[in-house]
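Listed features, source TrEMBL:
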TRANSMEM  18-39  transmembrane segment
TRANSMEM  51-72  transmembrane segment
TRANSMEM  93-117  transmembrane segment
TRANSMEM  123-144  transmembrane segment
TRANSMEM  151-175  transmembrane segment
TRANSMEM  195-215  transmembrane segment
TRANSMEM  227-247  transmembrane segment
TRANSMEM  281-300  transmembrane segment
TRANSMEM  327-345  transmembrane segment
TRANSMEM  351-372  transmembrane segment
TRANSMEM  392-413  transmembrane segment
TRANSMEM  419-436  transmembrane segment
Amino acid sequence: MTTEHITPGTDGKLSRTLGLTTSLLVFVGYIVGASIFILPGTLGGSTGPGLFLSYILAAIPAIFSCGVAAFVGSAYPVPGAGFVFASRMFPPIGMATAIWTLVFGVTMGIPLLAFGFADYINYFIPGLNRQLVAGATVIIFTLVNCGRVTLTAMVQGVCVLIFCVGLMIFSIGGIVSGDGKALEPLFPNGLEPVFFAALTAYFSYLGTMVVMEMAGEIKNPSRNIPLTLIIGFSILLLVYTSVPIALMMNLPWDMLGARGNGSIAVITASETFLPPGWTNFIAMGALLAAGTSVNGTLLSQSRDVLAASREGLVPRSLGHVNETSHVPIRAVVFLSGLSLLAILYGANIRAYADVVVFGVMYLQAGLGYAAYRYPDRYPEEYAASPLRYPRLVHSFFSLGLMVFSIGIMGMFAYRNINMLLIFLVLLGVVAMIFRLNERREAKQNE
């Protein structure tokens, strides 16, 4: 590996400019996205009114994830902090399997969002082919990401504001006007569907890793990072529990199971207590949430592919940066091309979410292990970190992340052993290709 060594605690590449308020807005705004519009209607048909508990359970591993991510981002205040950190703890072949797991995850995550976008487009323009609209969505945002888009951040910010207001209107209005008796019984199918739905619901918390990218830019990290996590998670839990409750109070849960359009159940429910204009506003918010999520995923993950290409973990040709737009166009097209293939496969939304979460658990288990070993491997660097937990707290977060991640992978395997087998085969293929490529490069250098 040729990853540049970064001394923890040094801020040569990032300046600390984010205060508590700004950090909180970035944290919540990045995490709350399209999935909270799309997944509740898909999951509610199996869990019943107790779906909100699934989102509470899903928050537990997310808390451990945030705790580790905050430390890593503070210790390595550079873009791609997780990649830099892990590369010092794992051999190249381990990093190769990690980056390809990320690629597979993006390949499945984008179709979920694109199909959600297509479903909300169909709300406004009924009768459109869902698969064609999803594919066109990916192509459009691929073109956007291939150009020099200077207003992207501003547009994303406006869109986030719109869909957050939409969620607030739906949650408050739905709970105030809904029927409390519709929540009885909470668990009509027992607790097992609630636990398994929590695995899928974790998709809504995947953005918590953003704290790893922003930790190096937060002022007074030892104070502001914990406060950002505590306040931010309180807001997330409020949103992620109130939306399912409002949904179940206004739409019978067994209707969700019978409907084929569960991804727009939030809109179907809002029609029962809101005027058409407000319902359209919420639908537009969901549409913008899905679109910005597709755009943001292509934007951020293509940069990870760029970094990995420079280390030889993916084909180096993917690291080419266009001289005019200064964008890694090949990496963007590579990810969107794989996503289009996944759209053609035509799986259901929950299946896409499950594959993404399973892959993320593999990455988080590795990150948790690396964080646990870090103080022993690099004690001086650990001592120099701007955010340094007491050793017991550090072990609690890192071991907790590793144990929860492995446990969730085990639950997925219990429910669908084929997912585990396919994943292991793919990792084996990646490892074999990486070894063959290493030998080929070694012979060329002799």
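Backbone N, Cα and C define each Cβ position, glycine as well.
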Outside the transmembrane segment (51-72), six or more residues from its ends: residues with CB under 8 Å to it: 40, 43-44, 81-82, 85, 186, 194-195, 197-202, 204-205, 208-209, 211-212, 215, 221, 225-226, 229, 233, 236-237, 240-242, 244-245, 247-248, 253, 364, 367-368, 371, 385, 387-389, 394, 396-398, 400-401, 404-405, 408
Between the transmembrane segment (123-144) and the stretches 227-247, 281-300, 392-413, 419-436, the largest tally of CB pairs under 8 Å belongs to 281-300
Do at least three CB pairs under 8 A connect the transmembrane segment (93-117) and the transmembrane segment (327-345), leaving out pairs fewer than 6 apart in sequence? yes
When counting C-beta pairs under 8 angstroms to the transmembrane segment (351-372), the leading stretch of 18-39, 93-117, 227-247, 419-436 is 93-117
Would you say the transmembrane segment (18-39) and the transmembrane segment (227-247) are touching, if the rule is that at least three C-beta pairs must lie under 8 angstroms and be 6 or more residues apart? yes
With the greatest number of Cβ pairs under 8 Å to the transmembrane segment (419-436), the stretch among 18-39, 93-117, 195-215, 281-300, 392-413 is 93-117
